[in-house]
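Trainee: I'd like to ask you about the structure that follows.
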Amino acid sequence: MEVEKELKTFSEVWISAIAAACYCRFVPAVAPHGGALRLLLLLPVVLLFIFLPLRLSSFHLGGPTALYLVWLANFKLLLFAFHLGPLSNPSLSLLHFISTTLLPIKFRDDPSNDHEKNKRTLSFEWRKVVLFVAKLVFFAGILKIYEFRKDLPHFVISVLYCFHFYLGTEITLAASAVIARATLGLDLYPQFNEPYLATSLQDFWGRRWNLMVSDILGLTTYQPVRRVLSRWVRLRWEVAGAMLVAFTVSGLMHEVFFFYLTRARPSWEVTGFFVLHGVCTAVEMVVKKAVSGKVRLRREVSGALTVGFVMVTGGWLFLPQLVRHGVDLKTIDEYPVMFNYTQKKLMGLLGW
């Protein structure tokens with residue numbers, strides 16, 4: 001990877017994305033009501049966001065860019081086309097609009113949330129900081145262990161990859177949130193909620209894992225499908241059907257995301273992963289309702305079963321496509337390149 005060239009391309013991609021988001025902010029002046037005209041005006045930006053990440057070849061720049069633009073930003077723009085979603089608030093400032101469009105963030109703008117924010121204690125904030133630092137140390141430890149990967153059993157490497165994927169995703173999204181918070185000075189909803197503490201699949205996917213993706217899937221898929229199904233089926237099947245569709249859409253979008261990482265035809269394994277979890281989550285909900293008050297697993301047991309199921313199925317269906325195309329090795333190899341480049345630049349700035 002040519003670092004200077006990749007960083008230059010990265011800058012060009014994001015300058016283009018910011019310019020496109022500025023254009024989107026003023027589309028309502030031409031099409032004040034959501035509908036076909038606004039959708040037509042936004043489609044060029046949707047297409048631009050699809051093609052921009054193809055210019056990047058590195059995992060650590062191309063991956064987040066594809067997630068932010070191709071999936072999250074485009075889904076927000078499609079909602080915006082019909083005057084729905086987080087971008088439809090006419091009081092958003094230009095900077096607020098751009099940040100909401102391009103970054104995986106959601107601002108706390110409810111007065112009750114402001115009151116809640118004021119009630120937070122300093123010790124609680126410090127606990128969050130200490131926990132995040134611990135995650136950074138753990139992440140660095142995983143990278144160090146990779147130096148001995150040739151001597152490690154396959155299942156150990158799969159476990160490391162699962163932790164790597166989680167920690168890398170949370171750290172990357174947290175960096176985006178820090179930029180938005182520093183720029184706008186506003187409080188944000190959390191992007192992850194300690195998914196390793198989940199006690200059920202519903203808890204894991206609905207309340208703990210990648211909450212920005214869950215939120216946008218709820219607005220674009222789950223809620224509309226549930227409204228349609230509510231006319232034809234009972235509540236239990238309405239919820240289960242909408243959930244399964246949302247998981248399927250998530251799987252398809254992960255296939256798209258994986259294409260940007262591998263530049264290879266989809267294998268549909270990752271779609272299978274999310275369809276499987278959609279079915280299992282729906283079954284879990286039905287079973288929990290059927291045995292409510294009769295059977296209750298200890299939190300430690302249900303937590304271990306939940307996280308274990310996610311990791312085992314992840315190693316079976318989620319990771320193989322990335323490993324098959326060498327994305328894992330490419331990702332690992334980029335860390336020393338980034339470290340050496342950053343070290344060189346810092347030493348240059350300090351005159352050493």
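Placed from the backbone N, Cα and C atoms, the Cβ positions cover glycine too.
The feature transmembrane segment is assigned by Swiss-Prot to 13-33, 34-54, 67-87, 128-148, 155-175, 239-259, 267-287, 303-323, with sequence analysis given as support.
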Trainee: Within the same chain, where does the transmembrane segment (239-259) have neighbours whose Cβ lies under 8 angstroms from its own Cβ atoms, ignoring anything closer than 6 residues to its ends? I mean 6 or more beyond.
Mentor: 63, 66-67, 70-71, 205, 213, 217-218, 220-223, 225-226, 229, 233, 266, 268, 270-275, 277-279, 281-282, 285-286, 321-322
Trainee: What residues elsewhere in the chain lie close to the transmembrane segment (303-323), defined as a C-beta under 8 angstroms and at least 6 residues from its ends?
Mentor: 155, 158-159, 161-162, 165, 195-201, 203-204, 258, 261-262, 266-267, 269-270, 272-273, 276-277, 280, 297
Trainee: Report, as numbers and ranges, every residue of the chain located at least six residues beyond the transmembrane segment (13-33) whose Cβ falls under 8 Å of a Cβ in that stretch; write 'none' if there are none.
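Mentor: Tertiary neighbours of the transmembrane segment (13-33) are 41-42, 45, 48-49, 52-53, 55-56, 65, 69, 73, 77, 80, 83, 87, 90, 92, 94, 97-98, 101-102.
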Trainee: Under an 8 Å Cβ to Cβ limit, what residues of the same chain, 6 or more beyond the ends of the transmembrane segment (67-87), are close to it?
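Mentor: Here the qualifying positions are 17, 21, 24, 33-35, 38-39, 42, 45-46, 49-50, 52-53, 97, 100-104, 106, 176, 212-213, 216, 219-220, 253, 256-257, 260.
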Trainee: Do any residues, 6 or more residues outside the transmembrane segment (34-54), come within under 8 Å Cβ-to-Cβ of it, and if so which ones?
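Mentor: Same-chain contacts beyond the ends: 13, 16-17, 20-21, 23-24, 27-28, 62, 65-66, 69-70, 73-74, 77-78, 80-84, 88, 260.
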